[in-house]
């Protein structure tokens, strides 16, 4: 007699396990190569199948990519909901940070495909994006609830900014945590919590930024930029809005009312343009940092002045800074160069923080950790443009957004309505 046939239940379970293996492998590849560089052939090699077998689980690449993003959002939502079960705001914050740190520890110890960067969701078509963005909206709502229940008006707006900065910080954590041993993770977790809980300013609520001496980092408001700069502006805005794949050469050229040939006259390839956009963004950020550092003021005032200027730029300038979401689209060598430069800018903030600690205007925090929290808060401010537009005025929006870094997430501004 032949062996018994596998039951339908066991076949379904095997299919589910194998499908999950494919998702995990695709997640790891997307982290390494980006959506564009992840192919069925490469994926098949990583899981010991042939490319045709992959189509048994996902008949199209876009369906696989959606499944990868959905799995990451599922993890993120579970982490947020588990943290929200804690009774006190501080315990919720601590639990959420701990979940991200523990996940990164597991990945460093060899587990693969547990989570992928969400930066390329906007490259999907609108129908595929919609449920993913709706789920992310639920996550933001949950994280916003960490800081208080049923808050309305300006307090709800403040909590939205807090949730946004917390999420952006934890999305950036996988990048900068590579500089540390996992033996340091417990300490890093505590340092991140401390800064979120108490802010950077030594005097609670000290927010008196000074104007900077020039605005060379601002884009030309009259729109009379040279064609090369115009390409950078159009590409930066479009990549921030649509992602790398959505910002096609045709769309960038059409936004400037020039031909596709004109684009290739100035740039060899789209990857080259993305790299130039990063360089331009970092040139501008660097110039603002140095102008703030040159102020005749204490360390915290210098930092606050840089934050105020750069947050306002992200909220209102015609050319924002390029989102780090575009990193995955770059070849690995250029991606490494961009991260190195980002770390140098973070180091400059760390130096300003150290100076502020020395003069007593900044709390005794870990400057390196604090600087890596400032960078994603600034970079992610672009995503809060719609939020900023709903605030009473530009200065109020900047102050409310920066309040998390200034005073932490548990203290409201005394004059908040």
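Keep in mind that glycine also has a Cβ here, set from the backbone N, Cα and C atoms.
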Among 39-58, 59-78, indicate the range for which TrEMBL gives the feature DNA-binding region. 39-58
Which of these ranges is annotated DNA-binding region in TrEMBL: 208-227, 228-247, 248-267? 248-267
As a test of reading the model: what is the averaged pLDDT for the domain 'HTH tetR-type' (225-285)? 73
Within the domain 'HTH tetR-type' (16-76), how many residues are helix, strand or coil going by DSSP? 53 helix, 0 strand, 8 coil
